[in-house]
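Feature annotations, courtesy of Swiss-Prot:
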type     : residues                                         : note
BINDING  : 29-34, 76-79, 114-123                            : FMN binding site
BINDING  : 389, 419, 420, 421, 422, 458, 459, 460, 461, 654 : FAD binding site
BINDING  : 500, 568, 569, 574, 575, 576, 577, 578           : NADP(+) binding site
COMPBIAS : 1-10                                             : compositional bias 'Low complexity'
DOMAIN   : 23-167                                           : domain 'Flavodoxin-like'
REGION   : 1-22                                             : region 'Disordered'
């Protein structure tokens with residue numbers, strides 16, 4: 001994300017464009033991709049001289065939409081076809097029964113959805129928003145577009161051609177007045193917010209620069225520079241203490257998987273399927289490297305403030321800052337900003353290359369950087385960035401003539417985004433001995449090789465892997481999309497979760513165990529009214545990555561748990577979870593059809609959930625051994641669709 005285009009509440013005008021030429025770009029985003037799209041659309045509109053506002057949907061009142069010439073919606077799908085959290089208030093306001101079919105008459109809009117076709121409800125959020133806008137009288141002025149996470153070129157594969165078509169539409173339908181041309185791509189749009197040194201008195205305060213090349217985790221840094229002590233004022237966050245960070249795969253195993261236990265003092269409630277988000281930090285070494293490359297040594301340890309570029313605008317006209325809560329950071333230096341908030345190890349988007357091309361005078365570098373922004377070179381862009389996972393820091397090392405003004409850091413670098421992890425604890429595992437909340441996570445540390453010699457590491461999991469017990473870190477609790485009811489927890493269920501996908505399923509199993517134990521305490525000697533649960537687990541090797549094996553044995557009798565396993569590398573013929581489902585098709589048919597059970601699929605997106613869905617369809621066709629008429633292919637597919645509609649088939653993949 002670039003902070004340069006982010007704007008505040010609709011209704012606050014930006015720089016004036018031609019009369020009757022305004023654009024509102026709104027987004028619903030869970031991980032930031034829809035916000036990236038919104039900001040790129042906003043930049044396009046600004047170059048076409050639209051007075052442009054960008055905002056998350058929850059900050060918008062539906063009745064304000066008609067005051068803009070055009071409105072663009074960028075919406076991701078999360079959970080079971082849901083809108084992201086920062087769009088749900090807006091969505092609920094559109095669902096009020098009292099709204100007449102003319103409520104949004106005069107609103108001219110288009111939309112772009114972001115989804116993952118491995119989910120049954122692909123781009124569901126954007127599609128249902130589109131339909132509701134039409135129901136309320138809004139006019140679609142340009143056909144919406146859809147991005148698919150599974151596309152070979154990622155979201156860019158469909159977004160770039162959609163954006164090019166939208167630009168042509170705007171120029172055709174909203175032509176510029178004579179003598180006015182679009183702002184060329186090689187002309188920099190001014191950032192909305194900039195950094196500045198605090199007044200001379202504050203800047204002269206003793207802020208001693210650390211030896212940034214020392215040890216990052218336990219080195220002699222001020223607290224705010226250390227990875228293991230997190231006191232950032234992040235919105236809606238909790239400060240958690242790390243109790244355990246244990247590797248649960250052998251050192252010889254190809255993958256480092258960690259079992260984390262975190263605690264907070266407050267007795268916070270959560271349910272199976274909920275997620276924790278963790279906001280990582282950059283290492284002091286990486287930040288020092290950037291400071292030296294950019295020549296920011298003089299400013300690095302001085303106190304800075306983030307201020308609007310145009311200080312003449314009134315408070316209610318100010319755009320929203322790219323980073324929130326900085327005003328509550330008591331002594332913010334440029335170095336602290338880089339360590340705590342700016343993602344210098346992200347894989348950049350095309351807009352980053354466009355931004356840094358303005359900061360070099362070396363024509364060969366400028367030309368090369370601009371080539372990466374050209375849609376005609378999309379494959380080359382992917383070959384340079386996404387496929388080898390080349391980071392911003394590495395790119396700046398290679399294009400060493402780029403010198404970004406420190407004042408523009410927040411409008412050039414993306415913001416560090418929180419990463420989501422499914423909570424693996426439930427039932428009695430949710431509380432500490434002193435009444436606080438306890439969270440368990442199962443996290444695969446991202447570490448791999450590409451064509452680049454240096455090993456690739458995930459920004460967040462590298463941060464997590466370096467934390468030791470006793471560390472504090474910022475977390476946020478978010479409601480998940482599985483929404484398993486008590487009836488489903490104690491009823492017939494089939495849980496499918498290879499690898500770390502078992503984490504949210506473990507939460508469900510321990511929750512079921514707590515329900516059973518509570519019933520037994522209240523009804524001694526009476527069998528609890530529960531149905532069987534089948535867990536289908538997959539890994540590479542039973543001896544290396546059969547997570548929580550001892551627990552499954554412990555819970556088997558208590559909650560009527562049956563575990564089916566598929567270890568792909570323990571025999572010559574590879575076996576996956578879908579193969580185990582196929583081998584047990586009669587059992588599956590009985591549980592899901594005859595008993596009316598529910599299915600929960602968790603784990604990696606892509607082939608696994610699609611293969612599971614196909615195998616379940618086959619089970620409905622061939623698993624009925626009761627002698628009655630078997631399902632046809634169409635009937636089996638329809639039955640599975642019916643399960644989705646009634647909440648009996650849910651998927652949470654990543």
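Here the Cβ of each residue, glycine as well, is placed from N, Cα and C on the backbone.
Here the Cα atom of residue 32 (FMN binding site) is found 12 Å from that of residue 420 (FAD binding site). For the domain 'Flavodoxin-like' (23-167), the DSSP-based tally of helix, strand and coil residues reads 58 helix, 35 strand, 52 coil. Here residue 575 (NADP(+) binding site) comes close to 566, 567, 568: these same-chain residues lie at least six apart in sequence, with C-beta atoms under 8 angstroms from its C-beta. Among the residues 389, 419, 420, 421, 422, 458, 459, 460, 461, 654 said to bind FAD, no two Cα atoms are farther apart than 24 Å. Neighbour list (residue 420 (FAD binding site), Cβ cut-off 8 Å, at least 6 residues apart, same chain): 30, 31, 275, 276, 277, 478, 654. The Cβ of 568 has fewer other Cβ atoms within 10 Å than any other of the binding-site residues 29, 422, 461, 500, 568. If you count neighbouring Cβ atoms within 10 Å for each of the binding-site residues 32, 79, the highest count belongs to 79. Across the residues annotated as binding NADP(+) (500, 568, 569, 574, 575, 576, 577, 578), the two Cα atoms farthest apart lie 19 Å from each other. In three-state terms derived from DSSP, residue 578 (NADP(+) binding site) belongs to a helical segment.
Its Cβ taken as reference, residue 577 (NADP(+) binding site) is surrounded by 26 other Cβ atoms within 10 Å in the chains shown. Annotated pair residue 122 (FMN binding site) and residue 422 (FAD binding site), C-alpha to C-alpha distance, rounded: 21 Å.
Of all the binding-site residues in the list 76, 569, 578, the shortest Cα-Cα distance to residue 422 (FAD binding site) is found for 76.
If you take the C-beta of residue 578 (NADP(+) binding site) and look for same-chain residues 6 or more apart in sequence within under 8 angstroms, you find 608, 611, 612, 614, 615. Calculated from their C-alpha atoms, the gap between residue 389 (FAD binding site) and residue 500 (NADP(+) binding site) amounts to 22 Å. Across the structure, residue 576 (NADP(+) binding site) and residue 119 (FMN binding site) place their CA atoms 19 angstrom apart. For residue 461 (FAD binding site), the nearest of the binding-site residues 29, 76, 116, 500, 577 in terms of C-alpha separation is 500.
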